[in-house]
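Here is what TrEMBL says about this protein:
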- 107-282: domain 'Amino acid permease/ SLC12A' (DOMAIN)
- 396-523: domain 'Amino acid permease/ SLC12A' (DOMAIN)
- 635-753: domain 'SLC12A transporter C-terminal' (DOMAIN)
- 763-976: domain 'SLC12A transporter C-terminal' (DOMAIN)
- 1-19: signal peptide (SIGNAL)
- 105-125: transmembrane segment (TRANSMEM)
- 137-163: transmembrane segment (TRANSMEM)
- 183-213: transmembrane segment (TRANSMEM)
- 234-253: transmembrane segment (TRANSMEM)
- 259-278: transmembrane segment (TRANSMEM)
- 398-418: transmembrane segment (TRANSMEM)
- 438-464: transmembrane segment (TRANSMEM)
- 476-502: transmembrane segment (TRANSMEM)
- 546-575: transmembrane segment (TRANSMEM)
Amino acid sequence: MSSLSLSHVLLLSPSVCLSNIGDGNPRESSPFINNTDDDKGTLYDGKNMALFEEEMDSNPMVSSLLNKLANYTNLTQGVREHEEADEDEGAKKKTVKSPQMGTFIGVYLPCLQNILGVILFLRMTWIVGTAGILESFIIVSMCCSCTMLTAISMSAIATNGVVPAGGSYYMISRSLGPEFGGAVGLCFYLGTTFAGAMYILGTIEILLTYIVPSAAIFKAEEKAQEADALLNNMRVYGTCCLTLMALVVFVGVKYVNKLALVFLACVVLSILAIYAGVIKTIFEPPVFPVCLLGNRTLQNHDFDKCMKTEIIDNVTVTTKLWSLFCEGPELNASCNEYFSLNNVTEIQGIPGLTSGVISENMWGSYGPAGMLVEKAVPSVPASVASQDKYMPYVANDITTFFTLLVGIYFPSVTGIMAGSNRSGDLRDAQRSIPIGTILAIATTTIIYLSCVVVFGACIEGVVLRDKFGDSVKGNLVIGTLSWPSPWVIVIGSFFSCCGAGLQSLTGAPRLLQAIARDGIVPFLQVRTSLYISSFFTVQSIRALSFLGMSLCLALMFISSWYYALVAMLIAGCIYKYIEYRGAEKEWGDGIRGLSLNAARYALIRLEEAPPHTKNWRPQLLVLLSLDSELSVKHPRLLSFTTQLKAGKGLTIVGSVLEGTYLTRESDAKRAEQSIKSAMAAEKTKGFCHVVVSSNLRDGFSHLIQSAGLGGMKHNSVLMAWPANWKQSNDPQSWRNFIETIRETTAAHQALLVAKNVDSFPHQERLAEGTIDVWWIVHDGGLLMLLPFLLQQHKVWRKCKMRIFTVAQLDDNSIQMKKDLQMFLYHLRLNAEVEVVEMAQLIHDRNTASHAALNDNSDATPERVHMTWTKEKFCTERTRNREPNASVAVRDLFNMKPEWESLNQSNVRCMHTAVKLNEVVVNKSQGAHLVLLNMPGPPKSRGGDENYMEFLEVLTEGLNRVLLVRGGGREVITIYS
């Protein structure tokens, strides 16, 4: 230190640190601009955090960082800019307004529209009739539970940070990587196009079966040809409908969005009409008679009276029904055997909620294709049944079983991504997506479950199993229950299917576009060809759907999934039991070879690219000091490592022995064993590495450079503060400490220095308290990540996080606090926030000492050497405020040689350390742990001892302190 040392700081600090306070014009240099003018003989203007001056050359002050974050918007490719992006890729984009959609309009209603659709209106009654109320309840509960769990998982990702546009694909790809994201995204794209095909087929079925049956181009001459005719009509009309929808989507997505509310209104009105009809059945059930021949249900398209004969003018004549089963209208004509043996009866298709029909519909009625729909009443069987398929009976068109019904129903609940796909248009996506999606699933689950009970309690079983409503004169079965007219459901379901189809054709190309823009699938081009590819994909699905269904059915029959689960569970339990309790054997087994091969492969993959910000965690190199007995000096450093890492990630515990390896080989092995024992005692999971070097400095340098293997290398260094550096006769100890700081900085590694480490907690749980973070300059987010990781451990779990940051003189501290709270909200960190204004760290300008700087005298004083302490600072500051202070200052600065060598930077730095320490002690003296930005060492090694003094003063009076230096990269992100 210089002869005057830092004792002169007391005379200079009020003036040199606040040269402009008296002017009322405080100035703050930009934290992003290197400003070294202050060091050129001038006083320090406005920068009152001189201790962190060098840090600000590369790291922004917190106020600047928060200002940037406050101006952040997550709208990158929302619906409102969709057409602009497609019109001209090279043209300049128009300014896009901030997203304004809330939870209800942006997520809840779109999910509701996509979940309540074609399956509810066309197949739900048939599923209830076939599976029965109990099994239908199981099907709905199982499928809705699956989507609810999916939504919860999606919510966990959505609430993990800001969700830009891109929806579910963005969340999956950014969470699991491009490989998973691309694979799942393309499958999701195909699933969306499959859904589009399903909605279009539903639209055509409603049109040709219930609205305009006469519009069919292909008509069956025989009953056996009805299925083929229907498929041919669907192909023709489906292609026309798909072409029309594709043109609408191609012309403009905004038109689809405008029609979305209309289509949704149709869905809501249809559901309300169903519930209104259910209530009406209590008082006045609708009249929909069903004709039974024996116990068989008849299609009543071609007859109007459910009787074989009738009396007209006292003459018995045959009816149209007679002609369907007999060779002529004559009473003596030859008739079908079953027709002759059984009578016809008429029952009510909708007996009503209080009829007691619910008990008949409780159980399922599965069967093969062609099985007749029968009611459980007595009948006389016919001896020959070969002609039944030509008779107007209601029969199964496909083979039915439980898993098939699960597969048919499940697409109805897969519309849960409709809200997340609009993430770019949401005002607060990370809040709206979880709430809106989960509420939509809960609402639709209640609707579906209530529909299962209502359908089973109000509708006759034979009508429920009649898929196309042939027994109720071709009416939509669910429409027979509605009020005031079945046409409400028919028209509503038609527009509902149209709207859902348009939404699918809109969403699928946008999803494919998001994948293509990421560039993970080279052959995809972001052009209008995406819409064309979606068109042809939907068109081809109709041809491939039968093949896909057949393969799925084959796998369902072949796979005995329940036995497979039981076998895997037993094997897994035995494996874990042997692994945990079994004897340790080294047999050179193949598993160890596979483990080595997998480790090698993983290391190579890790080395291909640096980890993404979301994957960054402190991989620690813990530098331990050993005593003369080769025992660990600070075992609590290992305890802290355990609490910080919780056994996850990489931990390397290293130490250095002085000497040569040839002479200290046995000591190195004993030291390694001693460290391993300490690691076991402190429950630290990791690797041990002891290096023998000619001196400690080189040894620690070697560890910092070479510890780890391939991609499994440390990115952070943890070490203890050299406690007795002042009393030590050997200055090499604290010089090694500073050199370690310099080397970690050069290696772009984070540095954690634990001061008073022996007072850190061991395994005992701390009572409720706080972990205080003093965030002075932005270090990439490490200061906020560390408390979060500590809170995951039981020792620190009850501690709350508090974040303090410093506002410069011309910062808006109120706005800074709001911005910081929003930043923490995006990070999902629960912490109290307090902004300490710069005025708390400074005093009024001392004009007397300021004037003393300009006084030149030739007197030379006696050389003095003083070690800086806080007590001496306070004493000298009091002297400085005495009336004769100006004379004393003038006499002091007559010492020309010493004054010329005084470094004004040290003056400012010590002033910062003292004043910041006062505020930190005042706010955080009772905290369980205090985390502080660690200023960097001076570029010139001549100031190393002063640097140690700065750090000592900065942390004085605090119980547990962790000084933190970032590694020069971002370690937290607000993105999901």
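Glycine residues also receive a Cβ, built from the backbone N, Cα and C atoms like all the rest.
Automatic, uncurated: that is what TrEMBL annotation is.
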Model confidence over the domain 'SLC12A transporter C-terminal' (763-976), averaged pLDDT: 72
Distal contacts, the transmembrane segment (137-163) - CB-CB under 8 A, six or more residues away: 72, 74, 127, 131, 170-172, 175, 402, 405-406, 409-410, 412-414, 416, 420, 423, 426, 429-431, 433-434, 437-438, 441-442, 444-445, 448-449, 452-453, 826-828, 973-976
Recorded stretches the transmembrane segment (398-418) and the transmembrane segment (234-253) touching, at least 3 CB pairs under 8 Å: no
Residue distribution over DSSP helix, strand and coil in the domain 'Amino acid permease/ SLC12A' (396-523): 96 helix, 1 strand, 31 coil
DSSP helix/strand/coil residue counts for the domain 'SLC12A transporter C-terminal' (635-753): 54 helix, 26 strand, 39 coil
